[in-house]
Each structure stands twice: as C-alpha cells, then as structure tokens.
Amino acid sequence: MLSLFICGTAVTSQYLAEQYKVNTPMLQSFTNYCLLLLVYTTMLALRTDNESFLQILKRRWWKYILLGLADVEANYMIVKAYQYTTLTSVQLLDCFGIPVLMALSWFILRARYRLIHFIAVAVCLLGVGTMVGADILAGRQEGEDSRRDVEVTGCSPTCTSCPAKRSDVVIGDVLVLLGASLYAISNVSEEYIVKNLSRVEFLGMVGLFGTIISAVQLTIVEYRDIARIQWNWKIALLFMAFALCMFGLYSFMPVVIKVTSATSVNLGILTADLYSLFFGLFLFCYKFSGLYILSFIVIMVGFVLYCSTSTWTAETVSTSLPQPASTGLDNLGLKLEEDDHELPATSIQVTQEENGMANSS
C-alpha cells in the first residue's frame with residue numbers, strides 16, 4: 001500500500017511536469033503538510049489525555065523544528081535532483097539511505113542485526129540494480145536524459161563533453177545523497193516517536209512545522225514557477241491527487257513502522273518504482289522489459305528474507321545500582337544477592353499435627 005502511494009506521487013508529479021510543464025515540488029509538498037496540519041495537528045490540540053499540545057511544544061519544540069526541516073528538505077532535494085542528474089543515478093544513489101538508516105538505528109535505537117539482514121539488504125539492492133539495467137536496455141533512460149540535457153544545459157543531445165553537463169550531474173548526485181540521508185534521519189526519528197510517544201504527536205508536529213517551513217521556502221524559491229502556472233481543473237485535480245497520496249503515505253507509514261521497523265519499510269517501498277513503471281506503460285508509453293519482473297521478484301525475496309528474522313535491541317546498562325569494580329567471587333556474590341531479592345515471597349503453613357510431631361522429635 002505504501003508503495004502504491006509513492007507510485008501515485010511519482011505519476012502525478014511526472015504528469016504535471018511533462019503534460020503541463022509544472023515543476024513545483026515545494027508547492028506539492030506544501031499541500032500535503034497542510035492536510036497533516038488540518039487533521040493531525042487539530043487532533044493533537046484537542047487531545048485531553050497524556051501531554052497537552054502546549055506541553056509538547058514547550059518541551060520538544062526545537063526537536064520537531066529540526067525534524068520538520070529534515071523532512072521538508074528531503075522531499076525537496078530528491079525531486080529537485082531530477083532536474084540535474086539522470087533517473088539511473090537517482091534510483092541507485094537513493095538506496096544510500098538504507099545503510100545510513102541502519103547505522104542510525106544501530107546507534108540511536110540500539111537495533112542489532114544478524115547476518116541474514118545484511119544479506120537481505122544486499123539482495124534488495126541487487127534488485128534495484130536489475131531495475132536500473134532494465135531501464136537502460138528498454139531505452140527509457142536515454143530518451144529522458146536527452147530531454148533533460150536540452151532543458152537544463154541547452155546542449156544538443158549528442159554532446160558528451162560539455163563541462164556544464166558534468167557539473168549539473170554532480171550537483172544532482174549530491175542532492176540525492178543529501179536527500180537520502182535526510183530521509184534516513186526522518187525515518188529513524190519517526191520510528192522512535194511512534195514507538196515511544198504516539199503516532200498523532202509525530203504527524204501533528206510534522207504537519208505544523210512542515211507547513212511553516214515549506215510555506216517560507218516556496219515563497220523564496222518557487223514564487224516565479226507558481227506565477228507561471230496556467231491553472232485549470234486538470235492541474236488542480238493532479239495537485240489534489242498528489243496531496244492525497246502523500247497524506248495517505250504519511251498517515252499509514254507510522255502504523256507499519258510501529259509493528260516492524262523503518263529499515264524494513266524502506267526495503268519494502270523499493271517496489272514503488274515497479275508500480276510506477278506499470279502505470280508508465282499506459283500513460284507515458286514506456287517500453288517493457290522482462291528484467292522489470294525479475295527485479296520485482298529479487299526485491300521481494302530480499303524483503304521476505306529481512307522480515308523472516310527479527311532484529312533485537314541492545315539493553316542499556318542500568319545505573320540504578322552501583323556497578324562492582326572487581327571480578328570473580330565478588331560479582332558472584334552480588335549476583336546471588338540480586339537473585340535473592342528477586343525471588344517471590346512465600347509463606348509456609350504448618351498444621352497442628354505436624355507441629356506436634358516436630359516437638360516430640
């Protein structure tokens with residue numbers, strides 16, 4: 001379901017860009033944050049149990065500002081990167097977020113992985129590589145790259161030595177790496193909040209600060225692009241479809257993360273590119289390759305492998321009791337004493353007959 005929501009955002013964004021020449025990623029994200037603000041921030045403000053809305057703001061406002069900034073910029077950088085680099089680079093470098101996510105989960109969430117988890121991640125990345133190879137063999141990559149070169153650099157499609165092209169590709173690749181890293185930070189924070197606080201608090205705070213940050217940013221960087229939009233009911237419908245897909249993605253992802261983990265969710269949504277391809281076959285006349293089916297199968301095999309074995313969490317060392325500095329018998333005595341305190345209290349009832357037998361003996 002999450003992959004289908006991501007597919008919806010990709011298809012609507014591409015349709016806006018190709019059919020109506022609308023490239024406003026910040027405005028599109030702004031509509032999603034507004035929906036989160038209207039629904040979840042309102043629910044959080046009306047909540048009477050646990051902490052109130054004002055208490056949450058007072059205690060953790062600066063943390064949610066950083067989280068909102070990371071989330072907004074991650075969305076913006078990934079979409080912006082398509083204007084500079086190739087689809088292949090975006091698909092490959094976007095996977096950089098998965099090892100970053102695992103590293104952050106190791107240090108922040110104290111998640112511990114087994115060998116099968118690393119094998120599963122490698123299998124999923126192999127599936128992504130297969131999908132990129134299918135793009136190249138199907139000819140989809142070359143056509144998109146040529147259009148991008150003419151639009152961005154003004155060069156002819158056959159030009160291969162233009163310094164402007166090389167610098168643009170570097171900028172795009174850096175944007176993808178930064179965006180993937182920010183996505184990892186956002187996902188780890190999301191996992192911590194939904195498992196230790198609440199889903200409504202996460203979505204309400206992201207909706208509040210995401211709306212503010214995206215509104216300021218689109219006013220600065222996209223006001224000219226927004227002014228050039230020739231609005232009609234089709235463009236408005238595409239914006240609405242994008243916002244609803246993003247809203248569904250943000251609403252359901254915390255539910256899945258709470259029962260699994262951010263890493264497994266990110267592995268599962270690698271299949272979103274395959275769903276986008278299937279829609280592209282009908283909407284954008286993509287060429288089909290059997291490697292797409294193979295890549296889907298490989299990604300799903302890796303995903304099932306990852307979910308087949310649960311991760312475990314390293315326990316923090318308790319500081320409530322003084323820790324012994326020596327080893328050997330002292331530690332053994334302390335352990336026995338602790339075990340003795342942990343034994344349940346028991347009562348022994350002695351009958352009158354048994355008491356008499358004990359006295360006579």
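Every residue gets a Cβ built from N, Cα and C, even glycine.
Any TrEMBL annotation is an automated prediction that lacks curation.
TrEMBL lists 30-49 (among others) with the feature transmembrane segment.
Positions annotated as transmembrane segment by TrEMBL: 90-109 (among others). Residues of the same chain lying 6 or more positions beyond the ends of the transmembrane segment (90-109) and with a Cβ under 8 Å from any Cβ of it are 78, 81-82, 121, 124-125, 128-129, 131-132, 135, 172-173, 176-177, 179-181, 183-185, 187-188, 191-192, 261-263, 266-267, 270, 273, 313.
Summarising the annotation, TrEMBL assigns transmembrane segment to 116-138 (among others). Within the chain, the transmembrane segment (116-138) has long-range Cβ neighbours (under 8 A, six or more residues past its boundaries) at 87-88, 91-92, 95, 98-99, 102, 263, 267, 270, 273-274, 286-289, 291-292, 294-303, 305-306, 308-309, 311.
Beyond the transmembrane segment (202-223), the same-chain residues lying 6 or more positions past its ends with a Cβ under 8 Å from any Cβ of the stretch are 24, 26-27, 29-30, 32-45, 53, 56, 60, 64-65, 67-69, 71-72, 76, 190, 193-194, 250-251, 254. If you look up TrEMBL, you'll see 202-223 (among others) marked as transmembrane segment.
Marked as transmembrane segment by TrEMBL: 235-253 (among others).
Within the chain carrying the transmembrane segment (265-284), a Cβ under 8 angstroms from the stretch's Cβ atoms is held by residues 2-4, 6-7, 10-11, 14-15, 18, 91, 95, 97-98, 101, 120-121, 124, 127-128, 131, 187, 253, 256-257, 292, 295-296, 299-300, 302-303, 306, all 6 or more beyond its ends. As annotated by TrEMBL, transmembrane segment applies to 265-284 (among others).
Long-range contacts of the transmembrane segment (291-312) within the same chain: residues 111-114, 116-117, 119-128, 130-131, 133-134, 137, 260-261, 263-264, 267-268, 270-271, 274, 277, each at least 6 residues beyond the stretch ends and with a Cβ under 8 Å from a Cβ of the stretch. If you look up TrEMBL, you'll see 291-312 (among others) marked as transmembrane segment.
Sequence-remote contacts of a segment are chain residues at least 6 beyond its ends whose Cβ falls under 8 Å from one of its Cβ atoms, and for the transmembrane segment (30-49) they are 56, 72, 200-201, 203-208, 210-211, 214-215, 218, 239-240, 242-244, 246-247, 250.
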